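Single-structure report; data block below.
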Amino acid sequence: MENIIKNELEAQRQLNIINELKERFEKEYQKTGIRKTFHIVTFGCQMNSRDSEKISGILKQIGYVPTDTEDADFVLYNTCTVRENANNRVYGRLGHLYTLKKQRPDMLIALCGCMMQENTTVEKIKKSYNFVDIIFGTHNIFKLAELIKTRLDNEKTGGDHSDHMVIDLWNDTDMIVENLPNDRKYPFKAGVNIIYGCNNFCSYCIVPYVRGRERSRNPQDIIDEIKALAQDGVIEVMLLGQNVNSYGKTLNPPTSFAKLLQEVEKIDGIQRIRFMTSHPKDLSQELIDVLGSSKKICKHLHLPLQSGSSRLLKIMNRKYTKEDYLDLVERIRKAVPDIALTTDIIVGFPGETEEDFLETLDVVKKVQYSNAYTFLYSKRTGTPAANMDNQVPAEVAKERFDRLVEEIHKSVQNNSKRYENTVQEVLVEEVNEHDSSLLTGRLSSNMLVHFPGDKSLIGKIIPVYLKESRGFYFIGSQL
Ligand code: 5AD
Ligand code: SF4
């Protein structure tokens, strides 16, 4: 209760700051006739995409207008640190931003997201990228307006620019600040956070260190948000969390993800429910039963495998064996025979032998995934795996990676062939990026189909004939 009041007070405080800045920006606009622009670049996963919608909502409310290029008054990078190459991309782009900022000194540059939760990153930025104006993390996005205000109020006293850099980083939080502005990318579908953080500490993964401990949102807040979205025209929701299957365990009274899904199912107007990501160790029989009986939950489950070797899974701290995983898949397929399964797999985890890798290939052959995200192991400082000796040589990992991708392609092809010459319900999402005569829609299984059609169909669920499978997508036609 105390926490709820604290969160509500904080939300009100932030709304006040947003309004104050809005007035200030409006006055400037009256003088100059020019609105200030913003541009957000989002790296990483769907949690970050969702966070960027919140950031965009706050900026719009203040009076910034979006623009497509980085030549803007406010540029923000929402960063990811799950693998090293994500970090390198940010540093590369920051160099380019510096050139732009020299031409427009009033430009504000902000960095946030998972990379900022690491001390070494922030030290590096302070030292080598001191033209950055604002740094914040994953726990205090709701404070963005306040940080902008602080930066704008910082008097220019000369001296080192880093004196003016506003840095606000929290190690962890128990706060969940609701009801701040929000800017949805699509009018007809929306991501909804249900649980923040991760408690699993898989030995290769930096996420628990940068996103903090698991915090479930109050079920009523989630339901109210989805009802409001439905009222606003949303027909598909994606429930988001690093590990949705442990939703509700720490709430008082405790509840479960399966129970939450059943409540979401009852909401009028919502036609499709998706969720991401499931940890195999927490996927309960209760949830499988709900998947089997639901009319709205999409026929798609993302179930990260990481490795097929029980020996490596133990060292990875995944808390399931190869056999547990295969048994789970069997139970899921029994309940929902036409479900599409997708996965994440890491190749080259420290100590991975050819035998371990063959176990992974074996699971891929047995499960027949509809899609899989494959990653070369990336050493993340601060995780237990970073200190393990026997790191796998890059060329060995690369060779295994290629073999894995080849095997996955086979199962992707096999799976999509089965849908050829069938008619499927499709949510039309957008005009095709490369060919404007085509629309792009999403099947319940999460696969995409491109087909000729008019953009007035965007946001509708319609039947589409799948003429030809091209592996990861289909070419279709309207009935
Ligand atoms: N190296 C490579 N891949 C990783 N992932 C997480 N940490 C690492 C790492 N250190 C992958 C996992 C996870 C996905 C989001 O990213 O497969 O499921
Ligand atoms: Fe990382 Fe494991 Fe948590 Fe996923 S479940 S975010 S892989 S620690």
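Note that Cβ sites are derived from N, Cα and C of the backbone, with glycine treated the same way.
Feature annotations, reproduced from TrEMBL:
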DOMAIN    36-153  domain 'MTTase N-terminal'
BINDING   CYS45, CYS80, CYS114  [4Fe-4S] cluster 1 binding site
DOMAIN    184-414  domain 'Radical SAM core'
BINDING   CYS198, CYS202, CYS205  [4Fe-4S] cluster 2 binding site
DOMAIN    417-479  domain 'TRAM'
Listed in sequence order, residues with CB under 8 A of CYS198 ([4Fe-4S] cluster 2 binding site) and six or more positions away: CYS205, VAL207, PRO208, ARG211, GLU214, GLN242, ASN243
How far is it from CYS114 ([4Fe-4S] cluster 1 binding site) to CYS202 ([4Fe-4S] cluster 2 binding site), counting Cα to Cα, in Å? 17
CB neighbours within 10 A of CYS114 ([4Fe-4S] cluster 1 binding site), counting all protein chains shown, number 27
Using a 10 Å cut-off, grab the number of neighbouring Cβ atoms around the Cβ of CYS205 ([4Fe-4S] cluster 2 binding site), all chains included. 21
Taking CYS80, CYS114, CYS205 as the binding-site residues, the residues having C-beta under 6 A from ligand 1 are CYS205
Just checking: which of the binding-site residues CYS45, CYS198, CYS205 have a C-beta under 6 Å from ligand 2? CYS198, CYS205
Given the [4Fe-4S] cluster 1 site residues CYS45, CYS80, CYS114, which other residues of that chain have a Cβ within 8 Å of the mean position of their Cβ atoms, reported in sequence order? PHE43, GLY44, MET47, ASN48, THR79, THR81, VAL82, ALA86, GLY113, MET115, VAL207
Hey, which of the binding-site residues CYS45, CYS80, CYS202 is the loneliest by Cβ count within 10 Å? CYS45
Per DSSP, how many helix, strand and coil residues does the domain 'TRAM' (417-479) have? 4 helix, 35 strand, 24 coil
Inter-residue C-alpha distance, CYS202 ([4Fe-4S] cluster 2 binding site) and CYS80 ([4Fe-4S] cluster 1 binding site) (nearest angstrom): 17
By DSSP assignment, list the helix, strand and coil residue numbers for the domain 'MTTase N-terminal' (36-153), in that order. 64 helix, 23 strand, 31 coil
Residues flanking the [4Fe-4S] cluster 2 site, with Cβ no more than 8 Å from the Cβ centroid of CYS198, CYS202, CYS205 and excluding those residues themselves: ASN200, PHE201, TYR204, ILE206, VAL207, PRO208, GLN242
Predicted model, mean pLDDT over the domain 'MTTase N-terminal' (36-153): 95
